[in-house]
Amino acid sequence: MKYDLIIIGSGSVGAAAGYYATRAGLKVLMTDAHMPPHQQGSHHGDTRLIRHAYGEGEKYVPLVLRAQALWDELSTHNEEPIFVRSGVVNLGPADSAFLANVARSAQQWQLNVERLDATALMTRWPEIRVPDNYIGLFEADSGFLRSELAITTWLRLAREAGCAQLFNSPVSHIHHDDNGVTIETSEGCYHASKALISAGTWVKALVPELPVQPVRKVFAWFKADGRYSTKNRFPAFTGEMPNGDQYYGFPAENDELKIGKHNGGQLIQAPEERKPFAAVASDGAEAFPFLRNVLPGIGGCLHGAACTYDNSPDEDFIIDTLPGHENTLVITGLSGHGFKFAPVLGEIAADFALGKTPSFDLTPFRLSRFSQ
């Protein structure tokens, strides 16, 4: 059997692509080296932020707004919502370049963002402590996503729509010829007109020339109470420290508040180098500088997890066909800020398989930018 699209890597982007391509009427085979959702990539840990006024640059805003519409639609397929509109407050020094980008994105796209000075911040959320020179940019319409629930939902919907799924079966080789794409797996060879490579951190095992660096990252849950929950209108947050370190976190659930540090981490070259949480001495203390200064009421570390970023050199996404192989799309280099975009990236992949021109300007995400 020849498929219209084979998906290599069915985590966040791959799971979304499988659903949207199958829903569009294509014959699709989804593959993964593990059984998604799983602990081997970048989608576990229950929650991920979604922000609209994007500190990483205005070029992302059209993508994230389309993603939000798709998240809202996906949430209708579950009793438990996938998107929780908790609001997100972005904290940092008034001269922060990241916050300047947030404000610029909000102005350009007329997004609902409220600027609060330090006094107003601490009045609205007495649990938060910031220096006098700090501000907060509050996005009331943003929030967080249930990442593993989202992937489970996409996989179920794709399967119900007739999508073939081959999991726990790593792809060892990809071959291109005039008839399309062939993949080799432990279960045999499979053929398709087009392929999506969304293999996450270890994409270089299949495409060694891609400029992607795996980075071991950790996040952890700390003792909290009801003051830090959505019931008390406590928001999700990002926070920039005076030294430039970037943190992110979520409202407490079951008296546990999850937080992680966005920058830093350990460069790794192989899956076995991603040691479990607490294997690196600094893991449990990584969030202390933020918690001690900004959320002093939070208690000790309860547990944590390790994940992996697939960092591109400039930490912008890579969305492009492979050089010399126009029938193979690669989506990688999501650099620790990609999950919120998973549905729109999956939709872009489905449009690629359908032969449609993308609805977005993807020029900033081309591979050619690294050779200029």
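Here the Cβ of each residue, glycine as well, is placed from N, Cα and C on the backbone.
The feature FAD binding site is assigned by Swiss-Prot to 4-34, with sequence analysis given as support. The annotation S-8alpha-FAD cysteine is assigned in Swiss-Prot to CYS307.
Distribution of Swiss-Prot features across the structure.
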{"residue": "ASP4", "record": "FAD binding site", "DSSP class": "strand"}
{"residue": "SER12", "record": "FAD binding site", "DSSP class": "helix"}
{"residue": "TYR20", "record": "FAD binding site", "DSSP class": "helix"}
{"residue": "VAL28", "record": "FAD binding site", "DSSP class": "strand"}
{"residue": "CYS307", "record": "S-8alpha-FAD cysteine", "DSSP class": "strand"}
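If you take the Cα of ASP32 (FAD binding site) and the Cα of the residue listed as 'S-8alpha-FAD cysteine', they are about 17 angstrom apart, rounded to a whole number. Between the binding-site residues ASP4, ASP32, ASP32 has the most other Cβ atoms inside 10 Å of its own Cβ, all protein chains included. The binding-site residues examined here are SER12, TYR20, ALA24, VAL28; by Cβ neighbour count within 10 Å, the least packed of them is ALA24. The most densely surrounded of the recorded positions ILE8, ALA16, CYS307 is ALA16 (count of other Cβ atoms within 10 A of its Cβ). You'll find the Cα of ILE8 (FAD binding site) roughly 20 Å from the Cα of the residue listed as 'S-8alpha-FAD cysteine'.
Note on proximity: of the binding-site residues ASP4, SER12, ALA16, TYR20, ALA24, the one nearest the residue listed as 'S-8alpha-FAD cysteine' is SER12, by Cα distance.
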